[in-house]
Amino acid sequence: MARKTLRARRFFSLIFPFFFITSVYAEQTPESAKTVTVEAKNETFAPQHPDQYQSWKATSEQSAREDALAEDPRLVILWAGYPFSRDYNKPRGHAYAVTDVRETLRTGAPKTAEDGPLPMACWSCKSPDVARLIQQEGEDGYFHGKWARGGPEIVNDLGCADCHNTASDDFAQGKPALTLSRPYAERAMEAIGKPFDKAGRFDQQSMVCGQCHVEYYFDGKNKAVKFPWDEGMKVENMEQYYDTIAFSDWTNSLSKTPMLKAQHPEYETWSAGIHGRNNVTCIDCHMPKVQNAEGKLYTDHKIGNPFDNFAQTCANCHTQDKASLQKVVAERKQAIHDLKIKVEDQLVHAHFEAKAAWDAGATDAEMKPILNDIRHAQWRWDLAIASHGIHMHAPEEGLRMLGSAMDKAADARTKLARLLATKGITHEIPLPDISTKEKAQKAIGLNMQQINAEKQDFLKTVVPQWEDQARKNGLLSQ
């Protein structure tokens, strides 16, 4: 019965055009459409399509900041030596995409366009201005340089032109005109046998989200974004790919392990779960069709929790009531959280024990297999926990990855115990007090007072200059 209901609703959705956002552009020939500059100002599309625009704008209501490091100080140790040890908040609404990347301590406090710790690539999932710059400068031109170079250019929050070809005839006629606005995402989909232009509508819906909600790394001297899917999308496939090219995001400052940092692999984990395998898309659950005050259907662009629109999302397929499904999801979330903490405890000990081994005179040859185990354990843990919705998208895969991470961490600690014994160290390696974020940051040598002061100065002096320049150049509304 549930499957028939889903088919009926999907057939219904085919009858009515996808009311995403239609174009303000006049009708164009295919040739002229190719040369139209990407329009990054989202409010441009508001007059003709107020429902979609207002629902997108309502992502600003998702304003709460949740400090993941304060909630779980172990993370500071696992990311010692990496900017994530300074600052890591859980995600919030798309309307804060640009604000949050400016304000995070991870992007530093650059004074000039050539200053700062991070590359231009760190803008790549934040704004339709990225698509505009890639169109204007080419990929190599866009990726060239430091993150601060993009400050006066990337000023509009993630929105219309990130997902829709707003200059196309289809879009002007009210069709969704979905597009992959990032060429590197298009290449990645082709690498896994999913060329976008040959994909069906439902596949395209999730592929558009998969431009950003994926694992990626910065490749080559230009630090260009690349998805590590050449060997496949499972955690072991990506691990093998990274190992083969000898890639690491950073070296943990305690254990000296060459580490991998997972990003937000929702597309990969969704693909591995029951929803992905049955082609229930991101849109089905997070952007359902809803009615406006006049009873007209439109796609809700306030991307959020499916339970907030239960009748339009979960109830399309499931016969259980909302409370029953919430109970199931909560149990899965708790199971993943419990195993996550156990793995983190093992990894924290492993990093400090590895430091003790180095301090005791361990050699590179002695440490290599141990560091490899730590690298693989933390990578598998990170890919599981960096996908914030894994308890819903693929709980079985999440538990499998965490179980594998636990095994690898145990292997590392067993080898460390044996190695330390050869150095005359048989007692347990004590841990410093890492019971709070502040204490953990102090334990790895971070001067947070200075880091925060520099950031505040940057926000007060540099960011206003960026915005003034953007307005003068017509990139921001006055």
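A Cβ is built for glycine as well, from the same backbone N, Cα and C atoms used for every other residue.
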Per Swiss-Prot, CYS209, CYS212, HIS213 bind heme c 3; matching candidate in HIS94, HIS337, HIS349: HIS94
Heme c 2 binding, same site as CYS160, CYS163, HIS164 - Swiss-Prot member from HIS301, HIS318, HIS351: HIS301
Same-site heme c 5 binder from HIS264, HIS275, given that Swiss-Prot records CYS314, CYS317, HIS318: HIS275
Candidate sharing the heme c 4 site with CYS282, CYS285, HIS286 (per Swiss-Prot), from HIS376, HIS391, HIS393: HIS393
Listed binding-site residues (HIS213, LYS261, HIS275, HIS318), ranked by Cβ neighbours within 10 Å, top entry: HIS213
Which binding-site residues sit within 10 Å of CYS163 (heme c 2 binding site) - Cα, from HIS94, CYS122, LYS126, CYS209, CYS285, HIS393: CYS209
Nearest-integer angstrom distance between the alpha carbons (Cα) of HIS94 (heme c 3 binding site) and LYS126 (heme binding site): 8
Candidates CYS160, TYR216, HIS275, HIS301, namely the binding-site residues, that fall within 10 Å of HIS286 (heme c 4 binding site) by Cα distance: HIS301
CYS282, CYS285, HIS286, HIS393 excluded, remaining Cβ within 8 Å of their centroid (heme c 4): CYS209, GLU266, TRP270, HIS275, VAL280, THR281, ILE283, ASP284, PRO306, GLY389, MET392
